[in-house]
Amino acid sequence: APQREKKKEQNSRERREGQKRKMEINFENSKVLYMSMFLTLLIVILYLKFKSKTIYLLDYACCKPPSYYRVPIPSYTEHSRLIYDPKSVRFQMRILERAGLGDETCLPQAIHYIPPQPTLALAREEVHLVIFSAIDKLLAKTGLKPNDIDMLVTNCSIFCPSPSLSSMIVNNYKLRSNIKSFSLSGMGCGASPISMDLASRLLQVHSNSNALVISTEIITPNSYLGTERSMLVPGCLFRLGCAAILLTNKRVERSRAKYKLLHIVRTHKGPEDRAYKSVTQEEDAEGRIGISLSKELMIIAGEALTSNITTLGPLVLPLSEMVRFAINFLFRKIIRSNKSKPYVPNFNQVFDHFCIHAGGRAVIDELQTGLRLSDDQVEASRMALHRFGNTSSSSIWYELSYTEAKGRMKKGDCVWQIAFGSGFKCNSAVWKCNRDIEVKTDGYGPWTDCIDKYPLFIPEIYKW
């Protein structure tokens, strides 16, 4: 009996020790499990915090000036005869004959006066006309309220008032007091991708935010009444225009966003004096201020484009095109021969649509030849130039709107926007269409009432 009791007690003690060891093992396993869960959660949080955010273009809107701002070429010529000397008038007529502009382009009220009245008050009226109308359309299209805007970036090259353009927008729409606003100036027609770059970098830092970008050129202060030919050219080409673009990094907006931003590539040729001085605001011999365009401008633009696509190519081109480009580059470096031309990659394999800055017929012709594009691929640029003129930094958005109005934009299509600006700069923006874009007739688009008559034949020399 004592042995049985002793054995029973020993078995009981062993069971208690086994249960204790089991509890200790379960506790250790629980610690490991909880630690693993914590580390996993921490990694997920850090990944979501520091990973590159996808930037979407929710929507955009372009200003369409009222028809009473329209300036047919015969009217422009008639006004010029009353303002300029005969020699300057003949020069302007030669420019307009070959510029590719139509009779429906618009100029601000200040330039309708004889002589023009480039006052600060009329410049502010132009701001109300083009910028505020574009923002109104954008807010109506997206259904957003002014309080939903977290960041604001404006770009306008010449008109730099105080308070700034961004402050004028904040005041007019009563935006939030903690909005992050920026006003860019002096960057010319290539400023829109720069504004996109700034806004996208802000959106990488601030989660769940919306950024409003305004690209325009207020041309009222640009009235040049002198005789310097290089300064007379901008007045023949530049017209009213503005684009308001809404970027977002909100995941909930992904399904209705139009485009996804893939790349922005910026090239600055400023270190070269020749390029730096190609587009300048300066005084002529009589002290009149104007924008001077160098005769070498197209050559400089071609060099800037070459530098830009050298950077952009590796980001978008297939391996076969990259190999051809590399072989050509090494061959030219080794033999150092001027007869060997640089290889131009076939971007048709990558991009479905091209939005080339509509700076003038010569700009479009030069890029079409340099990039080996077809007439269909530069159609949007030529038609935007004909209908709206050179709208500076906003021109690439009128061209994108043309492609949409034609019903050509489909989900998965890639768009390449190319813009040039003073300094000298060449900037590229690459977008991927996020959904099929429906053709709308709601009146918000700049092409709503005229898209049916485009494309049309534009003669090399326009006679009237």
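Yeah, the Cβs are placed from backbone N, Cα and C, and that goes for glycine too.
Unlike curated records, TrEMBL annotations are generated automatically.
According to TrEMBL, the region 'Disordered' annotation covers 1-20. Sequence annotations record features per position, and here TrEMBL assigns transmembrane segment to 32-50. Per TrEMBL, domain 'FAE' is recorded for 48-333. The annotation active site is assigned in TrEMBL to Cys189, His268, His353, His357, His386, Asn390. Annotation comment: TrEMBL describes 352-432 as domain 'Beta-ketoacyl-[acyl-carrier-protein] synthase III C-terminal'.
Features as recorded by TrEMBL, highlighted on the structure.
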residue : record      : CB count, 10 Å
Cys189  : active site : 27
His268  : active site : 18
His353  : active site : 22
His357  : active site : 30
His386  : active site : 22
Asn390  : active site : 26
*Candidates Cys189, His268, His353, namely the active-site residues, that fall within 10 Å of Asn390 (active site) by Cα distance*: Cys189
*Please report how many Å separate the Cα atom of His268 (active site) from that of Cys189 (active site), as a whole number.*
14
*Mind checking how the domain 'Beta-ketoacyl-[acyl-carrier-protein] synthase III C-terminal' (352-432) divides into helix, strand and coil residues in DSSP?*
38 helix, 21 strand, 22 coil
*asked:* Going by DSSP, is Cys189 (active site) sitting in a helix, a strand, or coil?
replied: helix
_Spatially, and counting Cα to Cα, which of the active-site residues is closest to His386 (active site)? Options: Cys189, His353, His357._
His357
*What's the CA-CA gap between His357 (active site) and Cys189 (active site) in angstrom, rounded?*
8
*Roughly how many Å separate the Cα of His353 (active site) from that of Cys189 (active site), to the nearest whole number?*
20
_Please compute the mean pLDDT of the model over the domain 'Beta-ketoacyl-[acyl-carrier-protein] synthase III C-terminal' (352-432)._
95
